[in-house]
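Taken straight from TrEMBL:
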- Gly172, Gln173, Thr174, Gly175, Ser176, Gly177, Lys178, Thr179: ATP binding site (BINDING)
- 9-22: compositional bias 'Low complexity' (COMPBIAS)
- 589-598: compositional bias 'Basic and acidic residues' (COMPBIAS)
- 100-417: domain 'Kinesin motor' (DOMAIN)
- 1-22: region 'Disordered' (REGION)
- 419-449: region 'Disordered' (REGION)
- 589-612: region 'Disordered' (REGION)
Amino acid sequence: MLARERAAPKTAPRAPAPAAGKALEAHMRLAPQLERTIAAHHQRALAADEAAAAMSAACHPSEAAAGEAAAAPLFAAGSAGASAVLLRVRPRTAAERARGLFEVVRARPAATALYYPATRILADASLDVHEFAFDANIAPAADGAAVYAAAARGLVPFVLRARARAAVFAYGQTGSGKTHTMSDLAERIAADLPASGLRIDVSAVEILGDAVRDLFADADAAPAPVRVAVDAAGAVVMSGHRALPAAGPDDVIAAIRRAFASRTTRATLKNDTSSRSHLVLRIALWRPPEVAADASPAGGPHAGETPAGEIKLVDLSGSERVSDTAAHDAERLKESAHINSSLMALKECLRKRSGSPADAKHMPFRNSKLTLLLKDSLELNPDVPTKTVMIACVAPTIADVSHSLNTFRYASTLKTTADDSGAHGSHLKPESAAALAGAAQKPKQTPMAWSKDKLERWLNDKIGGLHSLTTLLGKDGDPRLAGPHRFVPPAWKFIYELPPDEWAKRLAASLSTEEALAVRTEYRKLFVKPRSTVEGQVPGAAADHVESILLAEDAPDVVAAKVTKSSSSLEARQAAALAKLKAKGEAARKKALADQDSSKPVTARSAPRSSN
Ligand SMILES: Nc1ncnc2c1ncn2[C@@H]1O[C@H](COP(=O)(O)OP(=O)(O)OP(=O)(O)O)[C@@H](O)[C@H]1O
């Protein structure tokens, strides 16, 4: 049986409630309006995600039928990925609910949106939307089993299969749910360990300031510092700590509970039991010729043993901003400075890890004890595969909005260019109660007056995007729909390219031919401005989108001018470049025709052709 999710042990007195700053007061005054705007946008985004998912399922029926994957994608057999980033939004605490703090982070299956008030002291209720598509976007209602499924199911089999190293770490501001998440996840991972056939030992240390402390040291023994060094072969060597032998999963779970319970916690403005240290748990697996009787005191190999894998579970100390340190004494301020500088050192290593192979070879591990301890798990080693999962934890409310944005940005550092869905922002105007109520009561008379999202959803429904696309491509399909980098055609692309007569036919039940063609013209205008969406990240999609713009009736130079004016995005630049090429090709064709014409006797048949 798996342990239920549990919170960190409560050992410290209550901290005073944080004083509301001026900005927060202003946001709270506009809470009803802001909440309405957020809810409306979230609903629209959910509907758009659902349409995209339905489309993708129609395109990849075999994937849809395969159902839930057994392992988290990073640990599935054959996965070449080195890292995954998950975002977990915790539920509002009772105290946050009592203060009326509303939620500004909304996780959807496809992405997580953070709604940031556009001005500190609000003149109106407009919001900036920062949207990040992480590998998994875990909503407040999800439990520890869901986190395990997305983050670590399959981790133990991967480590054993490849004699590999895996590290999972929780990052986030103080009070965002890191300990809650990691203490539960660590036990679920431990439950997957084999009950026999391997020697297992567990060590646990905390990094407090610049000191490393053994969490398994005898309580009555004088505290001895743990030393961390790198040996001649470049391996991290820890000494001065105890490694607990574990006969199987139950012993490992007991060791994990002991480590979390021994950790240093203090009350801060944000968390009654704030972990002021980084906790690093190491589960080392050894394959013995025959299991030796004694455990190694330093957690190293016994004679004849070979490493069978290693798991590091890291509960990072909470990141803090200046406002969080208002009630800190000198000692806590020093702690905070250490915490932030080690988190920065980790960020720098992660940044290099996600960069070029040359960058990855030069991760500055020595900049902090934390990164030195994690060296083996972060290094991209050709001999020992390593996989890293970051769980970025965020608090959901307006009081933590700037911390949450920082966490989103920090977490994005670990994404590789290959699988990074990145972020995009948009600006939301306030949606007044009257406007929303009015919209709910009487549907707009004509699709021309609808929002772009609503129009697109309606068209997708009426025109039947994906099903029609597969029909159109025939049973053999389009080669772009096969293979690992397959192109998933977005619904808008299909709708955009549908010929006028087909368009009118499909909308005949709802609109007259004139109305349908008028809507088509409007719809096509909407796509002159390239969209920066997750779809845009699919290889080939940007180019296809550009191509679809170029297929518009306008002459290439007009398209280029329009596109360039409408956006400075990559797509726009590609469009401009393609348009230039097309124009160049056109000029060359005209010249060739002219040359041809001048070399032939002029007849009615060889008169210059129209360039269109
Ligand atoms: N997913 C969740 N469901 C329910 N309660 C949660 C969840 N995540 C966190 N909490 C609660 O929120 C509070 C803060 O969580 P936790 O102590 O895990 O934060 P933390 O990020 O580890 O903070 P610190 O960095 O200060 O140690 C705790 O009371 C915890 O029980």
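Each Cβ is built from the backbone N, Cα and C atoms, and glycine gets one as well.
Values in this document were obtained by computation on a predicted structure and should not be read as measured data.
Selection of the binding-site residues Gln173, Ser176, Gly177, Thr179 by a Cβ distance under 6 Å from ligand 1 yields, in sequence order, Ser176, Gly177, Thr179. Between the binding-site residues Gly172, Gly175, Gly177, Gly172 has the most other Cβ atoms inside 10 Å of its own Cβ, all protein chains included. Note on Ser176 (ATP binding site): other Cβ atoms within 10 Å of its Cβ, all shown chains, come to 27.
Shown in sequence order, Ala170, Tyr171, Gly172, Ser275, Asp315, Leu316, Gly318, Ile391, Cys393 are the residues of the chain, 6+ apart in sequence, with a C-beta less than 8 angstroms from the C-beta of Lys178 (ATP binding site). Cβ neighbour count for Thr179 (ATP binding site) (all protein chains, 10 Å cutoff from its Cβ): 26. Around the Cβ of Gln173 (ATP binding site), a 10 Å sphere holds 24 further Cβ atoms from the protein chains shown.
The number of other Cβ atoms within 10 Å of the Cβ belonging to Thr174 (ATP binding site), over all protein chains shown, comes to 23.
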